[in-house]
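Engineer: If you look up TrEMBL, you'll see 8-13, D33, R38, 86-90, 127-128, E161, 272-275, R281 marked as NAD(+) binding site. Look at TrEMBL and you will find 267-391 tagged as domain 'UDP-glucose/GDP-mannose dehydrogenase C-terminal'. Per TrEMBL, the feature active site, nucleophile maps to C272.
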Amino acid sequence: MVKICCIGAGYVGGPTMAVIALKCPDIEVVVVDISKPRIEAWNSDTLPIYEPGLDDVVKQCRGKNLFFSTDVEKHVAEADIIFVSVNTPTKTRGLGAGKAADLTYWESAARMIADVSKSDKIVVEKSTVPVKTAEAIEKILTHNSKGINYQILSNPEFLAEGTAIEDLFKPDRVLIGGRETPEGRKAVQALKDVYAHWVPEDRILTTNLWSAELSKLAANAFLAQRISSVNAISALCEATGANVSEVAYAVGKDTRIGPKFLNASVGFGGSCFQKDTGDTRETPAIDVCKGLLGDKAQISIYDPQVTEDQIQRDLAMNKFDWDHPMHLQPTSPTAVKQVSCVWDAYEATKGAHGLCILTEWDEFKTLDYQKIFDNMQKPAFVFDGRNIIDPEKLREIGFIVYSIGKPLDAWLKDMPAVA
Ligand code: NAD
């Protein structure tokens, strides 16, 4: 039986390995992590991350061919294929601070693999890393190899949080990069055989190592460009009276451009790229709240998926520390006193001057906005950073509404009546 070990039981490692275990009953998969609470949660009924369909997949194979463990070294030593899916956050100090990826976690994982391995290994880069990381990792491994052969593969992950299971079941493509040597090709084939259990052959792309590493960064850059472009257009819409939803629809109808990733919003966040779930890393909501706190606002926050502890932590931290997992952070920040967290949207808006919608939870579309209006101070403002409410309906209630990329209240007043 082929044995897979994945280092890092996070948003990528957990769901990806669960799907591999489900689709490959002939493979034993162990996901390891240095975080005891995270592993305990993976072994409990309350998984550490929320993804539609994930519970089901984990329940079907946990204890059969899917295991979660903190015994990192034992399972790394026993594995044939080791995925490394540790976090690669933005550097907070040193050269490239605020821009470059911090590869500390990756490097310590690679050194540990070199220390404990007693048999040949295929080491798979799952984390998003700068191009040529595989070469650096290869050096660490081969210079400490004790005669063991290592093949490094790049197999970047393209899943999006919120649709991880769907994306893993039916990926647009699986990308595998390896060395262009007989041993490299053999390793690529071994990983291809794993995915071939459920991914059609024409969707498994094989390239050289550097193309695979660069493709992931290039794909992220293209996606970011689309969102940044439509956000820039939304500012023009607000200034001219055009409606960004109409403009994006018209532009996206061009088959050369396509309709996806053209929603204007307050911006995108996420450790890797874009996040809509309980994962708050680098969410623009933090920037907005910090700006308001700087102006001495009292903020009452409601999010159906994020705990008060996480919110307080995010607001107390410096930018880019957000993406360093809690258990790896040296100090615990103190709570921000201007912030209160509540468990109900109506409670959050009671007595407020303004309501900011910063995450597109479905329940925000169907709130009783009349009730909210009645309990807010007047004039009552709504700032819809995700374009999920109908500005006209809310204006009828009496709100002053600012929606990203939509004509502003003032515009409507100035507009001549249409016969
Ligand atoms: P994460 O922070 O949720 O999980 C990483 C885990 O690795 C943590 O639980 C941490 O404790 C563990 N870890 C760190 N060092 C370790 C070590 N030496 N030994 C054992 N465990 C260790 O991160 P994530 O969101 O799963 O992302 C992982 C990688 O995948 C990152 O490079 C990210 O950029 C990339 N990625 C993320 C997404 C996404 O949507 N989250 C999508 C594509 C790619």
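Positions of Cβ are set from backbone N, Cα and C atoms, glycine also.
Mind running through what each feature is packed against?
Structural biologist: Within 10 Å of the C-beta of G8 (NAD(+) binding site) we count 29 further C-beta atoms, all protein chains included.
If you take every residue in the domain 'UDP-glucose/GDP-mannose dehydrogenase C-terminal' (267-391) and average the pLDDT, you get 82.
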Engineer: Among all the protein chains here, how many other CB atoms are within 10 A of the CB of Y11 (NAD(+) binding site)?
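Structural biologist: Total other Cβ atoms inside 10 Å, all chains included: 25.
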Engineer: Taking the Cβ of N87 (NAD(+) binding site) as the centre, how many other Cβ atoms fall within a 10 Å radius?
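Structural biologist: Taking every protein chain into account, the count is 23.
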Engineer: Please go through the binding-site residues G8, N87, T90, E161 one by one and keep those whose C-beta falls under 6 A from any atom of ligand 1; give the result in sequence order.
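Structural biologist: Correct list: G8, N87, E161.
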Engineer: Using DSSP and collapsing to three states, where does T90 (NAD(+) binding site) fall: helix, strand or coil?
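Structural biologist: It is in a strand.
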Engineer: Could you check the binding-site residues D33, T90, E161 and say which one's CB has the fewest neighbouring CB atoms inside 10 Å?
Structural biologist: T90
